[in-house]
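One structure is given below, encoded as structure tokens.
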Number of protein chains: 2
Amino acid sequence: MAMENVKQFVFVLSAAAAVGFVCIVFVLRWVLYFREGLAWDGGAAEFNWHPVLIVTGFIFLQGIAIVVYRLPWTWSCSKLMMKLIHAGLNLLAFVFAVISLVAVFDFHNAAKIPNMYSLHSWVGLSAVILYALQILLGIGVYLIPITPVSIRAAFMPIHVYSGLFIFTSVVATALMGITEKLIFSLKDPAYKNSPPEATFVNVLGILIVIFGALILWIATRTSWKRPSDQVLHTLHTNGGGEANSKVGPTMSQLSGGGDTEAFGDVRRRSSKLDDQVD
Amino acid sequence: MAMENVKQFVFVLSAAAAVGFVCIVFVLRWVLYFREGLAWDGGAAEFNWHPVLIVTGFIFLQGIAIVVYRLPWTWSCSKLMMKLIHAGLNLLAFVFAVISLVAVFDFHNAAKIPNMYSLHSWVGLSAVILYALQILLGIGVYLIPITPVSIRAAFMPIHVYSGLFIFTSVVATALMGITEKLIFSLKDPAYKNSPPEATFVNVLGILIVIFGALILWIATRTSWKRPSDQVLHTLHTNGGGEANSKVGPTMSQLSGGGDTEAFGDVRRRSSKLDDQVD
């Protein structure tokens, strides 16, 4: 990655981290200042763990987990270590999501409110189930050493797409959750009269959208990928579905130089197929 | 594109078209059977144009506009004609979106309900404004003949990303809109008691998410791109931000053959930079 490109990356990453951090501050101020605070008592203060854990874990931590391979200063670390960090952050985000579900089910049961009636709950629970499946399949395909390289390569476009799809679904679910909660809890003045809490939490919703947009921008910039993963992408671009027959030309293009420093031009690096998909 | 690849494309495209069609049927059944029908009278039947026009125009038509370059049977058409179809479908979707906004503002004003207080309205109006900007910039950059090729190439990643971002935001806004409308209009039994309308419209929400997911899958499969556009993608993949200095090797890789039939292997086609970004 050229230095100019690294500067742009660091700028967008810093913006994402800053917006994500402000989201966490906003959700904490929402529940601590405007609402009933945090507790584990079956009441409204237990419900409040739901937005706090979703924003902190299922949105912020998952977002960071998605872009962790992009950090140029990790490109000298082993791929295995980066995969463990990626998996670890996603597992942590999953734990946050599960505890946040327990909080809202507990609250509903104590208050005799039905569970799973809303579109928010349908999309949200689907996202959590798909996330569990994504983590299990990710571990099985990319962390269990015996999985063949051909399966790893074939599954990568699905792994990447479903990761971004789940993340986007979580952001959309959070927007529905904010909408529901403001309608249900603001009564006098109501949501439609725009009391300070309504405006404040709408801004939180906009900030969550901006955080999501920045993470998706980072994740989809091919030139910001970890060098060995850029190679895989080029291979997919040129090879389409029939990888085996078309590896040849791409590989020969890539093996022109022996330059292996971490920030080198990808086309000058020698590279093995193994390294691109493990 | 290999025949196997074409079959997969047609299968996913047919699924998207079918799901999109069912979404339109569902939104019509919602307003005609469960709600007050359609009229332009300042009342609830005028509001009902809002979901109908959003699902038909801002979601279905925009989704089709996004994937129109992917249809293999259009690859023998001129790029200019495809660009006019892409722009025309997006303009039509924009007109639908604007009329749907007029319907909801009319309804709010007649019923003395404030405008623009909800997160739904904030994200939704932002999406409409960004969509107008996207269309204007798209016309200026890709349809006005004098725009230099260098600007067309540099702007393409932004045009693609913001198009998919706006489409995704519209889907998320629709989910918030469904949530709001079901809470406001279902009173006895309420949304939380899952009357038939609630379940029916939740299913519509899930179908909209599936339609969005299929469009995003089609739009992000590099091997499904129009052949001359695949070349551009390869160029971006290899060239990163500094296209000029890196065009050389990619171009020489591409000009190895003079085979120009519409379904040929992209790497065997001779191609000019002009053709890739116009």
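Placement of Cβ uses the backbone N, Cα and C atoms for every residue, glycine included.
Look at TrEMBL and you will find A:264-278 tagged as compositional bias 'Basic and acidic residues'.
Sequence annotations record features per position, and here TrEMBL assigns domain 'Cytochrome b561' to A:15-220.
Sequence annotations record features per position, and here TrEMBL assigns region 'Disordered' to A:235-278.
Residues 1, 38, 45, 48, 51-52, 55-56, 59-60, 63-64, 67, 70-72, 197, 200-201, 203-204, 207-208, 210-211, 214-215, 217-218, 221, 224 of the same chain lie 6 or more positions beyond the ends of the transmembrane segment (A:9-32) yet place their CB under 8 Å from a CB of it. Marked as transmembrane segment by TrEMBL: A:9-32 (among others).
Annotation source TrEMBL lists transmembrane segment at A:52-72 (among others).
Non-local neighbours of the transmembrane segment (A:84-105) in the same chain are 40, 46-54, 56-58, 61-62, 64-65, 68-69, 115, 125, 128, 131-132, 134-135, 138-139, 143; each lies 6+ residues outside the stretch with a CB under 8 Å from one of its CB atoms. Marked as transmembrane segment by TrEMBL: A:84-105 (among others).
As annotated by TrEMBL, transmembrane segment applies to A:125-146 (among others). With a threshold of 8 Å between CB atoms, the same-chain residues lying at least 6 positions outside the transmembrane segment (A:125-146) that come near it are 83-84, 87, 90-91, 93-94, 97-98, 101, 116, 152, 155, 159, 162-163, 165-166, 169-170, 173, 278.
Residues annotated as transmembrane segment in TrEMBL: A:158-178 (among others).
Look at TrEMBL and you will find A:198-219 (among others) tagged as transmembrane segment.
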Contacting positions for the transmembrane segment (A:52-72) when only residues 6+ beyond its ends and CB under 8 Å are counted: 1, 6, 9, 13, 16-17, 20-21, 23-24, 27-28, 31, 38, 82, 85-86, 89-90, 92-97, 99-100, 103, 163-164, 166-167, 170-171, 174, 177, 204, 208, 211-212, 215, 218-219, 224-226, 229, 262-263
Mean predicted confidence [pLDDT] for the domain 'Cytochrome b561' (A:15-220): 98
